[in-house]
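Undergrad: Here's a structure for you.
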Amino acid sequence: MDLEVAEDYKSSTIKKKESWRTVLTLAFQSLGVVYGDLSTSPLYVYKSTFAEDIHHSETNEEIYGVLSFIFWTLTLIPLLKYVFIVLRADDNGEGGTFALYSLLCRHTKMSFLPNCQVADEELSAYKKKDSVGPPVINIGFRMKSMLEKHKVLQKMLLLLALIGTCMVIGDGVLTPAISVFSAVSGLELSMSKEHHKYVEVPVACFVLVCLFALQHYGTHRVGFLFAPITIAWLFCISAIGVYNIIHWNPHVYQALSPYYMYKFLKKTRLQGWMSLGGILLCITGSEAMFADLGHFSQLSIKIAFTSVVYPSLILAYMGQAAYLSKHHIIESEYKIGFYVSVPERIRWPVLAIAILAAVVGSQAIITGTFSIIKQCSALGCFPRVKIVHTSSKIHGQIYIPEINWTLMLLCLAVTIGFRDTKRMGNAAGLAVITVMLVTTCLMSLVMVICWNQSIFLAIGFILLFGSIEALYFSASLIKFLEGAWVPIALAFTFMVVMYVWHYGTVKKYEFDVQNKVSINWLLSLGPSLGIVRVRGIGLIHTELVSGIPAIFSHFVTNLPAFHQVLVFLCIKSVPVPYVQPEERFLVGRIGPKEYRLYRCIVRYGYHDVHKDDMEFERDLVCSIAEFIRSGNSDYNGGGMEEFEKEDEKMAVIGTSSSFNEGIRMCDNDDDDDAGETAGTSELREIRSPMVPRKRVRFVLPESPKIDRDAREELQDLMEAREAGMAFILGHSYVRAKRGSSFMKKLVINYGYDFLRRNCRGPSYALSVPHASTLEVGMVYHV
């Protein structure tokens with residue numbers, strides 16, 4: 001007995017060691033991905049703060065006051081707000097603005113996706129597991145009811161989420177510009193002013209062009225260097241900070257007292273308040289802790305920040321303040337900046353590490369921008385774009401060519417147009433603090449609605465963090481003409497694009513719903529649909545999750561023949577990060593069995609990776625075959641859930657890789673023995689007749705038995721699969737109705753039409769050969 005206890009204790013100890021090893025590994029990796037932007041902020045915080053509004057005097061009240069503000073800002077916002085509170089509000093492990101909005105949507109039964117179904121609420125990731133308290137009728141319940149009843153409040157909440165999202169995209173333009181420019185500005189201390197002005201901007205632009213040009217290779221090729229570079233940078237700035245504290249002013253720690261903030265504001269007054277726009281840059285990149293939560297874990301992010309990043313940044317800012325407290329007259333035009341506090345002997349190595357750290361920090365925000373664009377596109381809030389997965393092993397590493405080159409051009413425009421960290425800092429500061437304000441507002445709603453916490457706790461959260469962020473926001477907004485207009489202009493542009501696309505998509509779907517074809521019309525055509533049925537599978541793309549789209553009648557009346565098997569295919573996104581493979585497909589039948597008409601709804605989360613066309617086709621055919629084998633509409637249990645619809649029953653079917661016991665498809669050109677696996681004596685095969693092309697076989701389990709009709713249906717499906725698949729796409733030309741308002745005509749006829757013509761087609765059809773694609777146009781008047 002003692003031996004068994006000892007073995008159990010030993011195995012549990014090994015598991016704990018392995019888990020801690022995993023956590024520490026993730027913490028190490030997060031330093032390069034999450035904290036690259038935040039760790040480079042010492043490059044430009046003091047320089048931006050002392051740009052014009054305040055001046056460094058002999059009394060040191062300004063420099064001590066700024067240090068006190070930096071210390072408490074870093075302590076309250078990244079440490080207290082994000083590490084201890086916001087990180088808990090994850091959406092199945094995912095973070096970010098849309099994660100908070102997704103949580104609120106699921107708990108309040110709101111939906112910005114028009115094709116949501118009751119079946120979606122049965123997804124394992126959709127279940128409401130976030131409630132901390134019991135579901136009682138309180139203020140939170142009343143707030144939930146109010147949001148569900150009033151469409152205006154729902155639109156306001158969506159608008160708030162889009163504002164935060166657009167500001168993150170704007171930050172993707174401004175952060176690389178200010179980080180790289182600030183790192184390169186160290187050259188100013190090593191050359192004359194005449195030479196420097198011809199070198200700084202070109203070098204910064206060259207680094208930015210190289211950074212964006214290498215994006216298509218993916219970060220996984222150089223990602224292993226990110227964490228060591230960030231660690232080297234943090235060690236460098238903390239070591240320099242300790243040296244400056246000991247050598248110049250060991251008593252600088254006294255400035256951490258909040259009393260120095262009071263003295264600072266009392267002396268500088270209006271100018272001190274305006275300088276807060278530079279101080280808030282010390283928390284640039286804090287939102288990445290929450291946005292990149294899906295790549296790591298809460299514990300690993302907390303460990304990395306509290307044990308490495310936070311103390312290193314505090315030492316770095318204290319060291320700069322200690323140096324500046326003894327140097328009140330800076331002869332160089334560089335004035336107050338990071339590099340003046342760096343000992344001259346190590347200035348060049350520090351410059352090299354700073355440029356590398358700036359590239360790492362910029363890479364993190366660029367990758368984050370790609371991720372949020374993909375998320376918005378999946379949720380119908382951004383036009384479809386080409387998404388390239390740069391790594392087959394590491395989830396979330398994507399590349400979007402159109403967005404990449406757009407960001408590069410905007411970064412170069414900001415760098416060349418501003419040419420100084422002051423205006424860049426004003427622009428970046430407003431983008432950062434706006435995202436944080438949006439997070440605070442959404443987080444307070446999550447506390448009440450999702451966590452069932454007291455309304456007073458949410459009010460306290462807003463009063464504490466919202467007041468601090470509102471103070472910084474006002475200081476940034478006052479610099480509107482000095483650079484702060486840039487993030488507003490960028491956010492407004494992206495907001496218009498998102499709203500126009502979302503509005504047009506919703507109106508188009510509403511038209512489809514209102515003009516569905518009657519099932520009686522379909523039944524009146526007979527099994528042949530009134531036309532010739534030829535071998536093959538026809539996939540008719542539709543956004544509808546129920547009913548027959550109006551464009552189908554257009555197909556029937558204009559095409560001379562149709563395929564033997566027709567599948568109404570709907571690929572939709574659901575407001576969860578991931579959909580489990582065993583819950584991927586919803587399959588149903590339209591009309592009687594002899595019609596061979598099916599509906600297949602493929603569900604993806606907003607972070608799911610869409611499969612390539614060959615694997616997708618295999619999973620699609622297997623899901624229909626499994627639906628047929630399982631007894632479809634007559635099925636009453638055994639692991640699949642059925643949902644009543646107005647004209648059909650939908651069954652939840654997994655991908656072929658998720659079948660433990662079920663149908664499998666063999667697709668080869670070899671001998672009969674090819675593809676046989678161990679244990680085939682327990683399986684039966686349905687084979688198609690011998691044909692001189694690719695053979696398809698369905699391998700069925702021995703039990704349960706399938707009836708004759710199901711066997712014939714599977715036979716037809718195999719023959720159709722052998723003949724090949726064709727994607728039938730309906731191109732809809734959306735136009736506003738006569739009598740519509742001028743604004744609606746402008747949005748639909750010009751805005752949405754322009755975006756539709758210039759965006760990508762359905763994602764699954766991108767790699768389909770043109771010979772297998774049939775496009776039919778139709779005009780919609782919405």
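Quick reminder: no glycine exception, Cβ is built from N, Cα and C everywhere.
Any TrEMBL annotation is an automated prediction that lacks curation.
According to TrEMBL, the feature domain 'K+ potassium transporter integral membrane' maps to 26-523. What TrEMBL records for 536-781 is domain 'K+ potassium transporter C-terminal'. Annotation source TrEMBL lists transmembrane segment at 20-38, 63-84, 156-178, 198-217, 224-246, 270-291, 303-323, 348-373, 394-416, 428-448, 455-478, 484-501.
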Undergrad: The transmembrane segment (20-38): which same-chain residues, six or more beyond its ends, come within Cβ distance under 8 Å?
TA: 78, 175, 179, 223, 225-231, 234, 283-286, 288-289, 292, 295-297, 299-301, 303-305, 308-309, 313, 357, 360-365, 367
Undergrad: Residues sitting near the transmembrane segment (303-323): Cβ under 8 Å, six or more positions beyond its termini, same chain?
TA: 23-24, 27-28, 30-31, 34-35, 38-39, 41-42, 45-46, 63-64, 66-67, 70-71, 74, 78-79, 83, 231, 234-235, 237-238, 240-245, 247-250, 252-253, 255-256, 282, 289, 338, 340-341
Undergrad: Does the transmembrane segment (270-291) reach the transmembrane segment (224-246), going by 3 or more CB pairs under 8 Å (6 or more apart in sequence)?
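TA: Between the transmembrane segment (224-246) and the transmembrane segment (270-291), which are separate recorded stretches, there is no contact, as judged by 3 or more close Cβ pairs.
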Undergrad: Does the transmembrane segment (428-448) reach the transmembrane segment (484-501) with at least 3 CB pairs under 8 A, where each pair is 6 or more residues apart?
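TA: Yes, since the transmembrane segment (428-448) and the transmembrane segment (484-501) share at least 3 Cβ pairs closer than 8 Å, they count as touching.
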Undergrad: The transmembrane segment (224-246): which same-chain residues, six or more beyond its ends, come within Cβ distance under 8 Å?
TA: 28-33, 35-36, 39-40, 42, 252-253, 308-309, 311-313, 315-320, 322-323, 341-343, 346, 350, 353-354, 356-357, 360, 363
Undergrad: So, does the transmembrane segment (156-178) come close enough to the transmembrane segment (394-416) to give 3+ Cβ pairs below 8 Å, pairs being at least 6 apart in sequence?
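TA: As far as Cβ distances go (cut-off 8 Å, pairs 6 or more apart), the transmembrane segment (394-416) and the transmembrane segment (156-178) touch.
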Undergrad: So which of 63-84, 198-217, 484-501 has the most C-beta pairs under 8 Å when paired with the transmembrane segment (156-178)?
TA: 484-501
Undergrad: Mean pLDDT over the domain 'K+ potassium transporter C-terminal' (536-781): what is the value?
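TA: Mean per-residue confidence for the domain 'K+ potassium transporter C-terminal' (536-781): 71 out of 100.
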